[in-house]
Each structure stands twice: as C-alpha cells, then as structure tokens.
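**Student:** So Swiss-Prot lists the following for this protein:
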type: BINDING; residues: 82, 483; note: Cu cation 1 binding site
type: BINDING; residues: 84, 127, 545; note: Cu cation 2 binding site
type: BINDING; residues: 129, 485, 543; note: Cu cation 3 binding site
type: BINDING; residues: 480, 544, 549; note: Cu cation 4 binding site
type: DOMAIN; residues: 30-148; note: domain 'Plastocyanin-like 1'
type: DOMAIN; residues: 158-317; note: domain 'Plastocyanin-like 2'
type: DOMAIN; residues: 424-564; note: domain 'Plastocyanin-like 3'
type: CARBOHYD; residues: 44; note: N-linked glycosylation site
type: CARBOHYD; residues: 78; note: N-linked glycosylation site
type: CARBOHYD; residues: 306; note: N-linked glycosylation site
type: CARBOHYD; residues: 335; note: N-linked glycosylation site
type: CARBOHYD; residues: 385; note: N-linked glycosylation site
type: CARBOHYD; residues: 397; note: N-linked glycosylation site
type: CARBOHYD; residues: 462; note: N-linked glycosylation site
type: SIGNAL; residues: 1-22; note: signal peptide
C-alpha cells in the first residue's frame, strides 16, 4: 500500500563509522553554496550547505568514540561548527562558537574538529555557530551506547531521525546582515520544515511532492530522534492517531513519560518511542509553532495554518486498505502555554548507577534576568534610524558583544584578556523590580540597555553553581531557550511569576531526579532554576537559542578556571586553529 497522491522522496541521511569496530569516526564536511528551489515562489535561492545537503550529514558514534571532522570552507562566508551538547572535556578548542572558542574558518580555509563523546548517549546535533548560517548548516549527531551496553528501555525496531527547521526564500546570512545594519528584526521564516521539506500544507505548485516520509510496520516500535534545529521557533509535535513515550531529552535519559504531544524549543532534542499500533494507512506527522510571546503576535503571512507536515505510512497494509488522504492531527493553539508547561514540567531524570546526580550544595548563586530592552543605534549599524530606539537583548541588563580581534579562549590561554573581555558579569540584576508585571510591557524606563559589552563570570574549578533564570516583561514576555555550552545542568525548579532567589525555597526544588538538559525553555513570564558543576576548564557560552535574540545580545560567557591536575588544566590550542 502507498499514499498514491505523493511520490516517496524522503531518505534518512546518515554517516556511519568506516569500520564496524572503529573507535574513531572521521568525516569531511565541505561547506559551499547550494542552489535550492524556493517555497511558494518561483525560482531558486542560494544557501550555504554541507556536502550539498540540507539538512547536512548525520554523524553516528558510540559512547567513548573519538569524532574527527575536517571542515573545508568553500563558501563565501566565515564559518564555525558547534557540536551542540557535547561536553568537550579536554577539547574546549573544538566547541565551535565564533570568537568565543575560536576565530572563524575563513573562505578557502579549513579546520579539523577532534573530540571524544565520553559519558554521553543519545541525540545531539551540530550546526554552524556564526551568523544565521545555521538555518541551513545543521545535522544530527547520534551517540549510541557502547557495544556491551544497551538502551534503558525496550530496544526499538528501528530509529528515525526527525530534524525540524525553518526556511527562508532569501539568503539567511544576508537577511541577518541587513537586520543588524538597519536595527529592524529580520523577517519570519517563509516555511517550517521536517527533514528539510515543507510538507503539503503550503498549497502551491513549488511544494508538490516535497514532503518527508517515514515508513513503519504495524505493531513495531520506533525510536524517534527529534531535533529542533529552527532558528527562532519552538514547536508542538504530533503524529495523528499515535502517542509517544519520551525516554530522553538533550541526550539524557528520562523516566518514561507518555504523551500525545511533544513540545520542543530551539536547540532541544527529544527521544520518544512510538508504537505503530494504528489502523494501516497514512498519517500526518505535524509541527506547529508555539508562539510564547506576550503580547501575542499575529501569525506570519503565508503560513497556511502555521503547520508543516510529513507522512507516516504503514508499508505492510493489505491491498484493500484505503490509501486516502493522510489523517491530520489536531494541534494545540499557537499560544498554548499550558500545554507547553505541562510537557516541560513532567519530565524527570532516569536515575542510573554511576551517572551524574544533582549537586546538593551550592557555592555560587546567581539571579539572572533574561529578556529584551532598548538602546541606541551602534556605530556599525550604518542604516539604522538614529532617531528611534533599537531592540537589544540582555542578561542582567548586560547586552553581550563578541570580540573581533581574538577569540575569548585564546585570550584566556595566553593571559591577554585586557581589551578582549572583562570579568565583571553581575550575579544580580542592577535593580530589583516586578520582573513579570504586564504593566511593564514596552513602556518602562527599566528597558533601557547600555552599549553592548563583553563580560564574563569567572568560576572556580569544581564550583557548584545555581542560576535563577528570570524572564522579564520589558518590551515583551517570551519563553527563552537558554543553552549552556560545555555542561549539562539540572532543572531543579521552574514556575511563573517572579523568583528573587528566595521565592522558590528548597522545599519546591526537585533534588531527587530533576531533568538533566543543556537547553532549558525559561517559561513565558516565569523562571527556571538550574544547577551544574563547573568541572570543565575553558570559555563556555550561555545564550538564548533563538538566534534573533542571540544576535542582539542575549548571551554571556562563563570563564572556568583550571583545576589542580594536568588533566583538569586548559590544554594548548591545536596547531591548525584558525586565526582572525
């Protein structure tokens, strides 16, 4: 049986190790310009891609393997690659964020990323970490258990990688450059995608047969590795007629959680088991945006119901089965914060012997506001309207700016921080106020943000850190997916309203089995409390994974000092490290 109204065009992209027993996984990424058809517009557009594909190749390894990726930049842009969620213990130079751990790879140059995936299993991903290039430069990084091990859940019949993305009909890098120059936010994406394809909800000839397809067999169980690679959008994810059991988030195992809807913010991953137990036929897999912002924005034009689709097709149905049109799931409303909060707060960690547990004592406490504010045009914004304020993002009223002469990690290693960054990122906001009051929306003098600067928070090696991430209503309330490089953290509490560091007492904390993540969606008009141990020397960015916010300063960097032994000391840079 087949869904006769469409042509099967989807195939999972995968890279595998060169030999069955290899402990080194080695690949070459050729970064170059690729011409692809526009969506609901005639003609093609030029984008940057890896190995001629969007999404790029899937990298597969086992826990304990070493990954070696040779990146050759034949594009017209500077590029770096970030291995999202990889700890990079002993290899901080391979983390990838431009001007934090390395200078970019210039056009015509190359750089080799070498790192081990030790103590990690599950679904991670890789993406460009310079400008909006990650709109098309991204792919999956799957880390399976060692051969002697196995999953802490029933072995699935097959695994399916599901990469969620956004698509612009113009060059995303050029759009970001124009946005910075003018001080006007870049336009919304022209479409959402599943494995690079828009699906059948965009009713125009240009999308005919551009839909991903996942074939399943009845009564088999599948592991869906779901990755939100979108630049700016959180998604609701459903498959009509099917339910899920979530077993991992951000490559950390969870207690099994049954649900019919998955909520996934930019940067996050979810592993979910799906039983193919519906009547044989064709079913829509669908994503729709979770638009958390208050005031609630209008839906972007051209989004045809704000939903993109793929097909789940039963391949072992009888010939008499009605192929018909696929069933479409009922999606939550775009501003359904209740459903989002229900999902996020229902996940807990699966406790396993020998694995990390939440720290019970705290050395460093921080209350950090995350949100938007206003400032004046910067000198580099050559087309900015200097008679009106521009939007900047900030943490504790500090809008982050990347250095432009040397990477922060090089400055740390060579002890030349002066003129590159300062060690005065504040532990508290400059003024305490009613952070989430709707009365602040868009008209408070507290929204004034100073000029962007490069400030870090220095942490002693092995210090335990507790951060309260507090959303603010200045300019607008919105859920911010905050991603920490170099570490996982435990989400010990989250809620709505204000948390001044005392409001959520220890009695409200989950100090038994809190979910472990590398990216937390701070609730709209609320807060999240995270804990981690600073046991990884280096420069580690923490930033909003909404790229339109990161680009205007919603970021900071932790400078983690070296420990007492050679194995806990910042290593020297590799000989081929790119230079600015």
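Even glycines carry a Cβ here, placed using N, Cα and C.
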**Student:** What's the CA to CA span in angstrom from residue 306 (N-linked glycosylation site) over to residue 82 (Cu cation 1 binding site)?
**Tutor:** 29
**Student:** Around the Cu cation 3 site formed by 129, 485, 543, list the extra residues of the same chain whose Cβ is within 8 Å of the site's Cβ centroid.
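**Tutor:** Counting only non-site residues, the set is 82, 95, 96, 97, 100, 483, 541, 542, 550, 555.
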**Student:** Please give me the CB contact count at 10 A for residue 549 (Cu cation 4 binding site), counting all chains in the structure.
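**Tutor:** So the number of other Cβ atoms within 10 Å of residue 549 (Cu cation 4 binding site) is 24.
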**Student:** Taking only the Cα atoms, work out how far residue 127 (Cu cation 2 binding site) lies from residue 462 (N-linked glycosylation site), in Å, as a whole number.
**Tutor:** 29
**Student:** Can you count the other CB atoms that lie within 10 A of the CB of residue 385 (N-linked glycosylation site)?
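**Tutor:** Result for residue 385 (N-linked glycosylation site): 12 neighbouring Cβ atoms inside 10 Å.
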**Student:** Could you tell me the C-alpha distance between residue 543 (Cu cation 3 binding site) and residue 480 (Cu cation 4 binding site) in angstrom, no decimals?
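**Tutor:** For residue 543 (Cu cation 3 binding site) versus residue 480 (Cu cation 4 binding site), the Cα atoms are 9 Å apart.
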**Student:** Sequence gap of 6 or more, C-beta under 8 Å: which same-chain residues meet both conditions with respect to residue 397 (N-linked glycosylation site)?
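**Tutor:** Counting only residues 6 or more apart in sequence, the Cβ neighbours of residue 397 (N-linked glycosylation site) under 8 Å are 369, 373, 429, 430, 431, 449, 450.
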**Student:** Fewest neighbouring Cβ atoms within 10 Å: which of the glycosylation sites 44, 335, 462?
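**Tutor:** With the glycosylation sites 44, 335, 462, fewest surrounding Cβ atoms within 10 Å: 44.
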**Student:** I need the CA-to-CA distance for residue 82 (Cu cation 1 binding site) versus residue 129 (Cu cation 3 binding site), whole Å please.
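**Tutor:** Between the Cα atoms of residue 82 (Cu cation 1 binding site) and residue 129 (Cu cation 3 binding site), the distance comes to 6 Å.
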